[in-house]
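**Student:** Below are the features I grabbed from Swiss-Prot:
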type     : residues                                                                    : note
BINDING  : G10, A11, A12, G13, R14, M15, E36, G100, T101, T102, S124, G125, N126, M127 : NAD(+) binding site
BINDING  : R37                                                                         : NADP(+) binding site
ACT_SITE : H157                                                                        : active site, proton donor/acceptor
BINDING  : H158                                                                        : (S)-2,3,4,5-tetrahydrodipicolinate binding site
ACT_SITE : K161                                                                        : active site, proton donor
Amino acid sequence: MSQMRLVVVGAAGRMGRTLIKAIAENPGCMLSGAVERPGSAAVGQDAGFVAGMASCGVLVTDEPGSAFAEADGVLDFTTPDATAEYSSLAAQVGIVHVVGTTGMEPVHFSKLVRAARTIPVVQSGNMSLGVNILAALVQKVAAILDKEWDIEVLEMHHRMKVDAPSGAALLLGEAAASGRQTILSDHYVAGRDGYTGCRTVGTIGFAPCAGXVVGDHKVVFAGAGXRIELSHIAEDRSLFAQ
């Protein structure tokens, strides 16, 4: 069986380097292209060297069109604006678009929806199996408990994290809202400061923290005299590339 040819965009980033390593270790796929933004110091370098490995014979390019044309799929953990552009380009050439980019707004998601009409698009706020299992558990618990139980989504990430709440936190919040048969945006509360008054029944709170960890997430269901906590701890960034 032939190997799946994959392009990694944002190749010099944390997840980009992790993905390049993961592809090298998977016999079912091969790195056919590596893309970085124009002006990046990584452009022209061997993608293997960029990822901290031996040479792989694939040079990092700033021309995604040519890289996509020779691929079966693109792995994308970049920025919302870049992801929107890559999605349109992937649709043009007819390849799979796997999206782990976080911090996207409706305008960005609309581009993914449009692309999904013609190509397979896989998108998640977090690609780890553990977080997605946690989301399923959160949905079930939220469905069982009544609205008198307060829900808080707590998280900690490395200090270079640029979006908050994270995609994983929003995924968990959406799972809690789904369990309560409601919409997250109608009950979302991010951060509290000053005199806020009593908590509104049914709200779902978010409290992001800085640190040096890959990603810790905890969902707390706080009731009268009892508390239920469900959590997931990411110990290695490579789990997002599995």
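Glycine is treated like the rest: Cβ placed from N, Cα and C.
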**Student:** Check each residue in the chain of T101 (NAD(+) binding site) that is at least six apart in sequence and keep those whose C-beta is under 8 Å from its C-beta; list them in sequence order.
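**Tutor:** Result: D76, F77, T78, T79, P80, A82, T83, G167.
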**Student:** Which of the recorded positions listed here (G10, R14, S124, N126, H157) have a Cα atom within 10 Å of the Cα of R37 (NADP(+) binding site)?
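**Tutor:** Checking each Cα against R37 (NADP(+) binding site), the hits are G10.
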**Student:** Could you measure between S124 (NAD(+) binding site) and H157 (active site, proton donor/acceptor) for me? Cα positions, answer in whole angstrom.
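**Tutor:** S124 (NAD(+) binding site) and H157 (active site, proton donor/acceptor) have their Cα atoms 18 Å apart.
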**Student:** Would you count the other C-beta atoms found within 10 angstroms of the C-beta of G10 (NAD(+) binding site) for me?
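**Tutor:** I get 26 for this one.
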**Student:** If you measure A12 (NAD(+) binding site) to H157 (active site, proton donor/acceptor) at Cα, how many Å is it?
**Tutor:** 20
**Student:** Could you state the whole-number distance in Å separating the C-alpha atoms of N126 (NAD(+) binding site) and H157 (active site, proton donor/acceptor)?
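**Tutor:** H157 (active site, proton donor/acceptor) has its Cα 13 Å from the Cα of N126 (NAD(+) binding site).
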**Student:** Quick one: Cα separation, G10 (NAD(+) binding site) versus H157 (active site, proton donor/acceptor), in Å?
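**Tutor:** About 20 Å separate the Cα atoms of these two residues.
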